[in-house]
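S.K.: Pasting in a structure now, in structure tokens, and then I'll have a few things to ask.
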Amino acid sequence: MKTSIATVSISGNLREKLDAIAKAGFDGIEIFEQDFIADSGTPREIGQMIRDKGLEITLFQPFRDFEGLTGRLREKAFDRARHKFDVMGELGTDRILICSSTHPEALGGIDRAADDLAELGEIAAPRGIKVGYEALAWGRHVNDHRDAWEIVRRADHPNIGLIVDSFHTLARGIDPDTIRRIPGDRIFFVQLADAPRIDMDLLYWSRHFRNMPGEGDLDVTGFMRAVAATGYDGPISLEIFNDQFRGARPDSLARDGHRSLVALMDRVRRDEPDIRIDVPEIPDRVTAQGVEFVEFATRGAEAEALERLLAAMGFTHVGNHVSKKVALWQQGEVRIVLNGETEGFAASAFSMHGTTVCDIGLRVASVDETVERAVALGATPFRQAVGPGELEIPAIRSVGGSLMHFIDDSSGLSDVWSVEFRKTDADTPRDAGLERVDHVAETMNYDEMLTWSLFYTSIFDMDRSVMVDVIDPDGVVRSQAIQAPDRRLRLTLNGAETHRTLAGGFLADSFGGAVQHVAFTTRDIFATARRMAELGFAPLPMTRNYYDDLAARFTLEPEMLEAMKAANILYDEDARGAFFQFYSQPFAGGFFFEIVQRDGDYDGYGAPNAPFRIAAQKRMMRPKDLPRD
Ligand SMILES: O=C(O)c1ccc(O)c(O)c1
Ligand SMILES: [Mg+2]
């Protein structure tokens, strides 16, 4: 399979776009006319520059308002086409896209359009040019790939074919399986784009909100399965118009694009086992079995504060690393690693961010397959010299630059705790009933949320929930939960748009995306809160108004409400179950812990409580911790 991407999908000038596209591993580009016109090179020089970067020009586009015209307008349209064909010859590409006309004077008529295209085919043929016709979802007369196909069929010319674009088909709700009836050799090009489901004018939606396959809500996989069934074997190309992307970093966009295509084609190959699809075999999406450890880079006074907090939460300092300044704290299945090394990865994370989660360990079935899939999807493997007696635990870099280690039972890696750590006997065991990590919450710039969620959902078997808006007194934070089907791994991604929000302030202080809180589960949140109070834990205080409102919103036993109020426990419920949560006070620039109890099948994160939690945290944070204007 040849991968391609339209230059319109990437930010920057043409040269920056090409560098990013080539580096991400694409085979070719659709050159957008605007990008070509804006460049100072001649068509011949631009074509050469593209080839010098190892890229092929898979398509020249768009050519607009061609079919259905009469008289002078029709002659002019043919003149324009001849001019474009000349430019294509110079650039060195043989394929052009004509999108269905939106011209106010286009007459319509399937045969009229077919005749126009057949005549153009005669001009294209001697030049070796293939013309693909695409139905824009808002085309004046043609806005459905089935009509575009009928026009191409009636044009009956070897140089005239069809172009299908997942956005136009899926946005109109057209069944993509109708593509299965089109012969693959009559499809000249395939464009892919996803988009979030928004009820909006089609043109506006398409020009501003498209995103990479897997980032939106359209059934791009179903579309591509249908295309594969036709036998089409030409380039698969991304064509993404997106306002946010226009201001993003070209490298990161191109990497996301390539990752989305590899993940999509892998899905299609698995879903259509009887169709020959020319893509490399890679391991399937990884089943994450839970969080094995959370590692903090921390030193000095901050390390001592974190140790006191962990002790007050019922964690026990159970082990020390055989050769490094690394301590293991444990409770239930939760392992917290405190890394105070002055060299290596944790040390650089600490100098950049201060106390921060620098590494997350995930339990998986097979470490080798996990790393193989992640690397095939463009993730960077991480290695650091291992000391004597240490295991080499495979890791990759996560989007924000932190590490993600993988541990499985089959390769002996899960023995790391007994192999690399010596038991301490100084610390007395404590226990407050914390069992597992419920979720890990990462904070990032809003503009990077899609990159993070694509990273996780393409490597792991995880799905996105609907995005929710969290109201901070100083702005909105968007929160996107992604979770494994059995919920053994849950992540929440919080996208901040301004540094004045709690999340945004944390982001500004930590220089890039990072874990802002970790939540642990308990089966009895009241007992846990009691035990933690005995151990000296100070919860985040909630207001009396909050509990008065809870009493009005839900039917709660007065004693339970009193108990929640006394322990600063927040509450939510939905048709599936109930949710209890309380928080630590923020420390180290805004990091905090959360304790949760899920009853029944409650599957959320207490989003209705978030504004009150944030307001309380902001009240707690000393002025020096508050984000500066
Ligand atoms: O928005 C447009 O005009 C436009 C142009 C060319 C395309 O291939 C397309 O899908 C949309
Ligand atoms: Mg298109």
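Cβ atoms are placed via backbone N, Cα and C, with glycine included.
Because the structure is a prediction, the values reported are computed rather than measured.
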S.K.: Going by the divalent metal cation site in TrEMBL, where Glu134, Gln191, Glu239 are listed, which of the candidates Asp111, Asp165, Asp266 is also part of it?
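M.R.: Record source TrEMBL; matching candidate: Asp165.
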S.K.: Write down the one residue from Glu343, Glu369, Glu372, Glu594 that TrEMBL lists together with His439, His517 as binding Mg(2+).
M.R.: Glu594
S.K.: Could you tell me the mean pLDDT the prediction assigns to the domain 'VOC' (436-585)?
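M.R.: PLDDT averaged over the stretch: 94.
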S.K.: At the level of the C-alpha atoms, what whole-angstrom distance separates Glu239 (divalent metal cation binding site) and His517 (Mg(2+) binding site)?
M.R.: 36
S.K.: Where ligand 1 binds, which of the binding-site residues Asp165, His439, Glu594 are close by, with Cβ under 6 Å?
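M.R.: Checked binding-site residues vs ligand 1; flagged Asp165.
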S.K.: Measuring Cα to Cα, how many angstrom lie between Asp165 (divalent metal cation binding site) and His439 (Mg(2+) binding site)?
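M.R.: Between the alpha carbons of Asp165 (divalent metal cation binding site) and His439 (Mg(2+) binding site) there are 37 Å.
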S.K.: Out of His439, His517, Glu594, which binding-site residues lie by ligand 2, with a C-beta less than 6 Å from some atom of it?
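M.R.: None, as no Cβ falls under 6 Å.
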S.K.: If the Mg(2+) site is taken as the center of the Cβ atoms of His439, His517, Glu594, which further residues of that chain fall within 8 Å of it by their Cβ?
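M.R.: These residues sit around the Mg(2+) site: Asp438, Val440, Ala441, Thr492, Val518, Ala519, Phe592, Phe593, Val596, Tyr605.
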S.K.: Name, in the order they occur in the sequence, the residues of the same chain whose CB lies under 8 A from the CB of Glu134 (divalent metal cation binding site) and which sit 6 or more residues away.
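M.R.: Long-range Cβ contacts: Leu97, Ile98, Cys99, Ser100, Ala148, Leu162, Ile163, Val164, Asp165, His168, Gln191.
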